[in-house]
Amino acid sequence: LMGVIYSTLAIAPVQFDREKVFRVKLQDEKQASILKNLTQTIELDFWYPDAIHDIAVNMTVDFRVTEKESQTIQSTLEQHKMDYEILINDLQEEIDKQFDVKEEIAGRHSYAKYNDWNKIVSWTEKMVEKHPEMVSRIKIGSTVEDNPLYVLKIGRKDGERKAIFMDCGIHAREWVSPAFCQWFVYQAAKSYGKNKIMTKLLDRMNFYVLPVFNVDGYIWSWTKDRMWRKNRSKNPNSTCIGTDLNRNFDVSWDSSPNTDNPCLSVYRGPAPESEKETKAVTNFIRSHLNSIKAYITFHSYSQMLLFPYGYTIKLPPNHQDLLKVARIATDVLSSRYETRYIYGPIASTIYKTSGSSLDWAYDLGIKHTFAFELRDKGKSGFLLPESRIKPTCKETMLSVKFIAKYILKHTS
């Protein structure tokens, strides 16, 4: 009997043998509509932009397709003389290649590797044990599947001070994002009293860090489907699972009719803040609004530093200020390994998005909100090899420290 029960529970992980990732450069309207038409009959998983309705002329589009459909795609692209390349020839091979750093000690958490959720949970406990005067863990809520949502507060325990809220892993498959949040907490706590800048920052401000926003989705991307993006909530009247948490915030939530299909990876959910994860974060930020002066969210991939707005091409009142911070922050980032980032408002730099955490935080009154799209530019996409984690974290750390110094000096 146990065998029967077990086999129904254990859905085998999705295999991606010989699936391909294409990159297509769209020259004109005709080519854009050819690509859009393909999606009527073939299921494409968009890597960049996030969804079919974001496609526009002169855009470079990355998407994943099954081995079976890749022939059709290729012949259509060639027939219409479209400019394309195959970024990834065998997705499963690329997935296996991510883990290119040897474990020092089997089963132990490592900053040089991707860590699954269980390792991250025990890591949060260890950080508090190791730095009790500097790190505390706050449970801000739980997920649909009843996993805890933990924020780590870093900073001196006494008194009210300015704060920065940071989150990672709102999209499950963007693994390098939670890796950065872990690195940040580790570096901040460990360098207090040793590194001059970090010590000054932590003496005068707090950091609230949510290492994994979309815990259920993250677990699912480890155990069942590496390409999963959304959370894992059930949708009424649909067999399709999950909401895109970064379309679920109460800011211009219903302005994009294209995000109301539960089967899409950018599904906005049945209502603004319908998701437990979103609600936990918004409640926490609202209750600390007096102190939170900046909000930073980490995604991958494409090497960009973005700021509001996403839902409109209108520029926010402090646009010049945000532009200046982003310009210097990307300069600082490139000083380490010459990694080039582009920067600008979401809507004009990439495409319009509605219901995002960034715009929500800004309209709530947090006047410095930024989204990092971490490495790379598409060679590995979401499957950045582990050997790139540390360089990515080190360069991003410089950038975040600059933003924090700026916030300390220039906000009231």
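Just so it is clear, glycine is given a Cβ too, placed from its N, Cα and C backbone atoms.
Features as listed in Swiss-Prot:
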{"type": "SIGNAL", "residues": "1-10", "note": "signal peptide"}
{"type": "DOMAIN", "residues": "113-407", "note": "domain 'Peptidase M14'"}
{"type": "DISULFID", "residues": "Cys168-Cys181", "note": "disulfide bond"}
{"type": "BINDING", "residues": "His171, Glu174, His299", "note": "Zn(2+) binding site"}
{"type": "DISULFID", "residues": "Cys240-Cys263", "note": "disulfide bond"}
{"type": "ACT_SITE", "residues": "Glu373", "note": "active site, proton donor/acceptor"}
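Positions of the features from Swiss-Prot, shown on the structure.
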residue	record	DSSP class
Cys168	disulfide bond	strand
Glu174	Zn(2+) binding site	coil
Cys181	disulfide bond	helix
Cys240	disulfide bond	coil
Cys263	disulfide bond	coil
His299	Zn(2+) binding site	strand
Glu373	active site, proton donor/acceptor	strand
Cα distance (Å, whole number) from His171 (Zn(2+) binding site) to Cys240 (disulfide bond): 17
Near-site residues: Zn(2+), ref His171, Glu174, His299, CB cutoff 8 A to centroid: Gly169, Ile170, Ala172, Arg173, Ser177, Arg229, Asn246, Phe298, Ser300, Phe382
Those disulfide-bonded residues listed as Cys168, Cys181, Cys240, Cys263, and which of them has the most Cβ atoms within 10 Å of its own Cβ: Cys168
From recorded positions His171, Glu174, His299, Glu373, the one whose Cα lies nearest Cys263 (disulfide bond): His171
Densest Cβ neighbourhood among His171, His299 (binding-site residues), 10 Å radius: His171
Nearest-integer angstrom distance between the alpha carbons (Cα) of Glu174 (Zn(2+) binding site) and Cys181 (disulfide bond): 12
Cys181 (disulfide bond) versus His299 (Zn(2+) binding site) - Cα distance in angstrom: 11
Mean of the pLDDT scores, which run from 0 to 100, over the domain 'Peptidase M14' (113-407): 96
Same chain, 6+ residues apart, C-beta under 8 Å of the C-beta of the residue listed as 'active site, proton donor/acceptor', given in sequence order: His299, Ser300, Tyr301, Ser302, Gln303, Met304, Leu305, Leu306
Number of other Cβ atoms within 10 Å of the Cβ of Glu174 (Zn(2+) binding site) across all protein chains: 24
